[in-house]
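Trainee: This is the structure I have questions about; it appears just below.
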Amino acid sequence: MAFDEPTNKIFVYGGQTAGAGVSSENWVYDVMARSWTQLNPPRAPGARTNMAFAITGRTMYVFGGIDSAGALLGDLWAFDMSSSTWNRHVWDSPAAVSPPPLQHASLVAVNSTMLALYGGTLQGGAYSATLYKYDIPTSSWSIHKAPGESRLPPAERMRAVAVDKRRVLFTGGLTAQGLSNTTWVWKLDENVFDPSAYGPLPAGLHSHSLVTFNQSAHAGACVWDPIPIFTLCTKQTVPAVVAISGVTNRPGGGLLVSWAHSDPLPPPVGKLDIGLRLAMVSFNAIGLATALSLILFTVKHQKVPVVKAANPNLSIISLIGAAMVHLGIMTSSSIDEGRTAMMLTAFLLGGGYTLIFAAIMVKNGLIYFIFASKTRFKVRTMHLLFICAFALGLQSLLVALWFRFDTNPIVTLTVAGVKWTINAYNQSWLILCAMPVVILTVFSVFVSYKIRHVRSDFNETQYVAIATYLIAMALLVITPVMLLLDSPLVQYIITTVLVTMTTMAVQGLFFANKVSAVYVKTFTTDNQVGAISLTPSGLQQGTTSGVTASSNVSETSNASTASGGPSDDAGGLWCKYCKQKIRVAGGSRHSSSHKPGKKLSEVGGKGATRTRELSTLSPTGR
């Protein structure tokens, strides 16, 4: 029996009649019209039963069986469902590699060009234990030999079906020990037969039919009952196999069994050899050590102007994120695969990216709102830290929900106390957990573009913009790699190398000048804590750099100018194209026309000029 999808018709050939006769008839059933029609092709195989058959495309292949006289047959026929014609295949393969006459054998189409024939009853009643392969384009047979003891048992009435492009499932049958409930998986890519990959059938079974199709989860499989509008996953569509009817050793005769293959969670990334594993771990260990060292450096030198201008608190947050990214890649390279290990890696990588981009977003957002509103105001450090903590908490919550509600395996059927299950990697949860990073990235890129004309000393805003664009470009490369490449190992290598190099590059980009300023004295700084010497000439050259400020209010007095400290032009925020009047929030109601080259300042009492500066982030990348 074969189904022709383009015409929605079912073709039936031969078999045994009710009176123990052998049929040679060809029938077709029109599913839409619900009608049977007998076909009379000019050339047909003749009467036969107990034959093996397989389908590839619109062609049904039939091998062997017995005729009406009880003689074993060893010929191969092909039925073209598009033209309703038969064609006999003739081969020149030596008899030693060609199958003998068989009945009750199993024939399966491995792909569109190869058939596999296994088992069956030989002349004399013995069971065959040979796997024959038939190459359709060349019309030639060969014998397939698996290495070692990886062999199927001699059997008849076994049934086989191709689950996917790399696996063929053999089920049930009759062996020398009697009715079998075993399942064997022929792993084509490894050339082995695995008797334990998917467990036994719920009951012994032979002479059954196997049908494979795409199985979807039920409509409410991903709905959370307390909040029905919130779906926890995406309904799975996976290959399933149904064994229909057949002979079983359980009361009732026929048996209907549903089965779905259980792939690992997630799909294996490939086998990392010791050299590649050591390189990944060592490279990220250097990155991790660098991030931790820069945290100590920032804490120790947080009052140095070049460090203070980058806002030490936000710098430390972004460095913690970088350390988490490096640690996440190290764990993915060194720990065993498993659900817990996968969630740990997801938390470290996702949490690290979230901290980095939250810090970048906070800095860019502050600068943008200042120059969009033309208002000077002060923001407490705790408010900024709360935003970063909230983003990390949301990311952690999503990973926890993934771990809690994406429960695998999913039971598809329980028969006689035996559970047939499927472990499916749910990509929807991965996308959901990546959304905080995606949102923060898009916002940071947008704001970095909007504040491209803002400048101050130490080029902090310029560094923020470069880091944002660099990490965004890395994401644009990683996304098609993950979606388009079929090799998990290549995906893993490209992704980890790119993420590691990007994270380390941004760490160097932001902290090389600060380390140099502290230890090599490449920047001229003032003794005044938090004061930044701004060069108006830079604006006249039309260059674009970043905004720098500190998290505290810095006092720049006339006395400091007299003693060689910063002049009245120190510590200001600059905008190349800001010409509107500036409203000062809090303090005296002083307005001034803010033109290119003029600072935003607040006039205090008794001749002192008090400049309020807002927090700035020096992202460390990811």
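These residue numbers are counts, starting from 1, taken along the chain as shown.
Glycine is treated like the rest: Cβ placed from N, Cα and C.
Quantities reported herein were computed from a predicted structural model and do not represent experimental measurements.
Just lifted these from TrEMBL, have a look:
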- 274-297: transmembrane segment (TRANSMEM)
- 276-521: domain 'G-protein coupled receptors family 3 profile' (DOMAIN)
- 309-329: transmembrane segment (TRANSMEM)
- 341-362: transmembrane segment (TRANSMEM)
- 383-403: transmembrane segment (TRANSMEM)
- 429-451: transmembrane segment (TRANSMEM)
- 463-483: transmembrane segment (TRANSMEM)
- 489-512: transmembrane segment (TRANSMEM)
- 540-568: region 'Disordered' (REGION)
- 540-564: compositional bias 'Polar residues' (COMPBIAS)
- 586-622: region 'Disordered' (REGION)
Trainee: Is it true that the transmembrane segment (383-403) and the transmembrane segment (309-329) have 3 or more Cβ pairs under 8 Å, skipping pairs fewer than 6 apart in sequence?
Mentor: yes
Trainee: Check the transmembrane segment (309-329) against the transmembrane segment (489-512) for contact, please; criterion is three or more CB pairs under 8 Å, pairs 6 or more apart in sequence.
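Mentor: Counting Cβ pairs under 8 Å, at least 3, so yes.
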Trainee: Mean pLDDT across the domain 'G-protein coupled receptors family 3 profile' (276-521), rounded to an integer, is what?
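Mentor: Residues in the domain 'G-protein coupled receptors family 3 profile' (276-521) carry a mean pLDDT of 75 in this prediction.
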